[in-house]
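These notes are about the structure you will find just below.
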Amino acid sequence: MTIYLAREASKVWRKVCAETTTELPLLREKWPLLLAGIVFQYIHGLAARGVHYLHRPGPLLQDLGFMALPELGQDRNYISECTFVFIFFSFFLWTFHPFIYHSKRFYTILIWRRVLAFLVASQVLRIITFYSTQLPGPNYHCREGSTMATLPPPNNVLEVLLINFPRGVNLGCGDLIFSSHMIFTLVFVRTYHKYGSKRFIKLLAWIMAIIQSLLIIAARKHYTVDVVVAWYAVNLVVFFVDNKLPEMPDRTNGSPLIPLSTKDKDGRLKDEKDVRLKDEFHKLLNGNHGDPTDRRQRVQMNGRHPEEDMLSDATPNGA
């Protein structure tokens, strides 16, 4: 048993090393984009922290989802967060499966560049939206009478920049339209739907996204409008951003390491066309046409044409 485990561990380690060698050139090329996407996650958190200073508690707005779904209550509020954590880490681990499994369909660096682009575009729209209008938060710590519903003015800039992580992120108020949890959930589900290979898991992922939506409303973390807007806004953002990005190569078909941009593809097609025209030009100069049925034989044997050979054979000796 020990020998078997050691042998399997050695195989896994070789796969990790081989995939790391493959991904490093991509990381050296794409690291500015990846870093920008990660830094923007902090900016998004900073914006959510800032709107908390503007939040003013008030009576709950009339909401159809609140009427239809029973309230989870503060003691079961964790169910919604646990569901989101499960979706997040499941997707995170899946993106690194090329380092372990033999079958590979994408490059981890390229898929995270794509995911971060989707997240940043959606979060920019979210920041603009929740700063435009501040609604009274429906969450328990955002209601009237809660000491955390409104933040006192900051004493210094550092207090704002540190965003009181992680407590300030989990206990924020005012960043409602649209749901950040649904941004991450829908981006992850759509990405797996396109690049995943298991049909059953794709179906399960969409079911989990629906369950997550209902739990967010039942936990009173967001109004129903926050979830509904997220469903069509994020899907539209992913659709348009995905069309603008170069398509990722499918590793199952042995595609090249780096996907070609539109400019590279146009240049490559132009070069191929130039080479083809030059070949045809040379064939015309040499008297060889592209159509093999229309070729004329221009073979000379010892400086004589085949017609001359036929005449010499027909002439008697000594004539």
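Just so you know, glycine gets a Cβ as well, placed from its N, Cα and C.
What TrEMBL says about a protein is an automatic prediction, not a curated fact.
As the structure is a computational prediction, the values presented were derived from the model and not from experiment.
What TrEMBL records for this protein:
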{"type": "TRANSMEM", "residues": "78-99", "note": "transmembrane segment"}
{"type": "TRANSMEM", "residues": "111-131", "note": "transmembrane segment"}
{"type": "DOMAIN", "residues": "172-240", "note": "domain 'Sphingomyelin synthase-like'"}
{"type": "TRANSMEM", "residues": "200-217", "note": "transmembrane segment"}
{"type": "TRANSMEM", "residues": "223-241", "note": "transmembrane segment"}
{"type": "REGION", "residues": "284-319", "note": "region 'Disordered'"}
Inset, instruction - Would you mind giving the whole-number mean pLDDT across the domain 'Sphingomyelin synthase-like' (172-240)? - result: 95
Inset, instruction - Could you tell me what the rest of the chain brings near the transmembrane segment (111-131), counting residues at least six beyond its ends with Cβ under 8 Å? - result: 30, 33-34, 36-38, 40-41, 44, 47-48, 51, 95, 174-178, 180, 183-184, 187-188, 190-191, 195, 229, 233-234, 237-238, 241-242, 245, 248
